[in-house]
Amino acid sequence: MEATAAKPPLHGLTFSRATVANRAFAAIYTCAVLALLYQHALTVLNSTTFLSFSLFLTFLFADLLLGFMWATGQCFRMQLVHCHVFPENLLKVTREEDFPAMDVFICTADPDKEPPMSVVNTALSVMAYDYPAEKLSVYVSDDGGSALTLFAFVEAAKFGSHWLPFCRRNKVVERCPEAYFRSYRSNETKKIKVMYESMKERVENVVYSEKFTDDYITNEQERQAFNKWTQGFTRQEHPTVIQVLLEIGKDRDVTGQSMPNLIYVSRQKSKTSPHHFKAGAQNALLRVSAVLTNAPIILTLDCDMYSNDPQTPYSMLCYLFDTTMTPELGYVQFPQRFCGLNKNDIYACELRRVYLINSAGLNGLAGPNHVGTGCFFSRRVFFGGPSSFVSPEIPELRPDHVVKMPIQAQSILAMAHQVADCKYEDQTNWGSKMGFRYGSLVEDFYTGYRLQCEGWRSVFCHPNRPAFLGNAPITLNDALNQIKRCSVGLLEVGISKYSPLTFGVRAMGPIMGHCYANYAFWPIWSIPLTMYAFLPQLALVNGLSIFLKIELLTNRLGIAKNGFNLTSKVLDGEQSKRYDQGTFEFEVESPMFVPLSTAAIVNLISFFGGLVGVFRGGDFDGLFVQIFVAGFVVVNCWPIYEAMVLRTDKGRMPTKTILISTFLAWALYSAASHIDPTPRPLEDTHPSHMTQPSQATQPSQAPHLPQSTDSTQPPSNETEFNQKVLAEIPESLQTTEVRDKIFHKVFGEDGHGYCKTYGAGVPRSAVYGQSSYLSHASSFSTLNEITRQVREATQEIEQRLSIEIEQWLSSEIE
């Protein structure tokens, strides 16, 4: 029998050699973190004042949060793998005729913040895939219900009949028209570029004027479509609009080849029914597409995330045609990448750790989380787990349903309108057990998390050429709004009954559960960061040391109500220029700028105030860490200082924000200045060896010993001794023998005053003994108490010696 030829591989993976090193590092670093937390706990327990107790408890809490986030972050590095695909082998294993049909979902919601031409470019880039056109359907969800968006796609359908054959004929790789025309020029390119610019001008004119005349409508079908926008049609209240713009087999390009389906959908909206933002729009698309085409593969894209590689579906199919993975393979996630980032990525929008590093770590476990775009789903995943199918209400929505009628058949369109109704989901499992899940503003993260809890696996596919490219925010306000929405949505998951720390750990295991916990609780980074941005600096302004001294460190080391806010994708010329130059944008009067500016001002004052204090003789060792932290913040806040003082362009910090931040900084400084830094003991306790003066040795009973005017302040060095103790002894009797005798009796026989004094340059061991150790943090709150006790003991010695001194002096005179 002849051996069957082995099929070429479609994908493979390699384990990272850094995995062992990562695990060793995590083990060692864990010991260091635990030691630090233990030291913090001891410091809190040894605090003797309410102020010090509160302060150190705050820092213990902050470091516990930092430790938690670090520990959960290490879970991503426990099983690093790198996956590879071989799309060139795909046609050696199967035929194009066997490719599954694919539905593409593109969601938009606001033509003002998401320009229709950007959405059009995304749609045209995927319509031009190297994929059988008869198996491709593109659905555009317009949740804003805008006639402007529909008009843009009417124009795009006409231009697409020229663009798709142009891409095939010239083997164009960058099939987003806007991106292609920025890079390539030729005689043929000029011709089609003129067509594109003409379409773009018509669309932008209509969007700018927010209306269009009959001159733009070319046939009766278009007129009927636009007639649906009546007087009462608003973004929040309107009926379902489903418009088939291109139909497979019916509409053809200029070369005679069939065009893919292009379908505009705007689900019904009502103020009396919840719409669940993007997740609700995607579920409406799931049902409408099931009725019209019901493709087994679904690609979800953001409206500005265009295709950058026409063979991206081939990479996805490399996993889909692997029969060993298919039963539990829920989705294939491509990384979210951005074009147009400036060289320093000043707003940190690339998020390499989230989209690349962490995803590679999850690939060695159950697979990456869903990031909202660039994801190929199996339609089956939206109807229960691999072994627990959840049946929809009608058979036409089942993932195995076969559509036998054309998409423009009256019965088909009627049913599509029915399932897009705003009340269709009432009393159903949509959003809870079926479809994209409701309950969080970050529906992508929550849906991927719930799918993996049900038993589905995913794959992270990261080809050398980015599969998709999108636009990143170019203003700080947009970036912060995006972070705010994500933070709220992630916390909604973290504190829900499906929290990764409880439900996730049980469903997916401890490592995957803690990976998702790292995402879900990511917003709590703001708590320790805020504490470290203000508390050490306010203490520094008052000259208080709250960290270990440099001397101690070196000794130990041996040298110690929310809504869904859209991010604007509109590109302003001046803003784009400043962004390309790496200049931060503060033009908007946003309340989110106030804490940033306040922290910048407080840290600046603290930094220079700390330096001045040190130059005036302050404790540099004790204040060094606080000065360093404040200096680090000052350096990183330079763009804020620049925007507040130096810049004159429109992107400078608004005057109102500067005034509010300055007032808040002044208020914090004033409040901190009124806190009495002098420690007051929680309990008036004394060590057993520190006895109180007896009645027999009270100052009133010391008959002739010279006393200082302030009995609570005994002499602490030889100079003070000369001024206080010898002041009342006749000069003729102040011989060297007499002076040394009295000095040694009072201060100890070492002759240097180290036994019972505590001041600058005096070692702790001289006062407390070698076996007793006083932590730095504890000493901050107990120094005054210890000094008081030492002084009391010194007074007792003085009183006891007074009689001896008087008797000795009397005998010498006689």
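Cβ from N, Cα, C; glycine included.
Unlike curated records, TrEMBL annotations are generated automatically.
So that you can see what the record holds, here are the features copied from TrEMBL:
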- 20-38: transmembrane segment (TRANSMEM)
- 50-71: transmembrane segment (TRANSMEM)
- Lys113, Glu114, Asp143: UDP-alpha-D-glucose binding site (BINDING)
- Asp143: active site (ACT_SITE)
- Lys278, Asp302: Mn(2+) binding site (BINDING)
- Asp444: active site (ACT_SITE)
- 592-615: transmembrane segment (TRANSMEM)
- 622-641: transmembrane segment (TRANSMEM)
- 677-718: region 'Disordered' (REGION)
- 691-703: compositional bias 'Low complexity' (COMPBIAS)
- 706-718: compositional bias 'Polar residues' (COMPBIAS)
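Asp143 (UDP-alpha-D-glucose binding site) sits 8 Å from Lys278 (Mn(2+) binding site), counting Cα to Cα. If you draw a 10 Å sphere around the CB of Lys278 (Mn(2+) binding site), it holds 22 other CB atoms from the protein chains shown.
Listed in sequence order, His370, Val371, Gly372, Thr373 are the same-chain residues at least 6 apart in sequence whose CB falls under 8 Å from the CB of Asp444 (active site). The two recorded residues, Asp302 (Mn(2+) binding site) and Glu114 (UDP-alpha-D-glucose binding site), show a Cα separation of 10 Å. The number of other CB atoms found within 10 A of the CB of Glu114 (UDP-alpha-D-glucose binding site), across every protein chain shown, is 24. A separation of roughly 15 Å, to the nearest angstrom, links the Cα atoms of Lys278 (Mn(2+) binding site) and Lys113 (UDP-alpha-D-glucose binding site).
Asp302 (Mn(2+) binding site) is surrounded by 25 other CB atoms, counting those within 10 A of its CB over all protein chains shown.
Lys113 (UDP-alpha-D-glucose binding site): 16 other CB atoms within 10 A of its CB, across all protein chains. Within 10 Å of the C-beta of Asp143 (UDP-alpha-D-glucose binding site) there are 24 other C-beta atoms, taking all protein chains into account.
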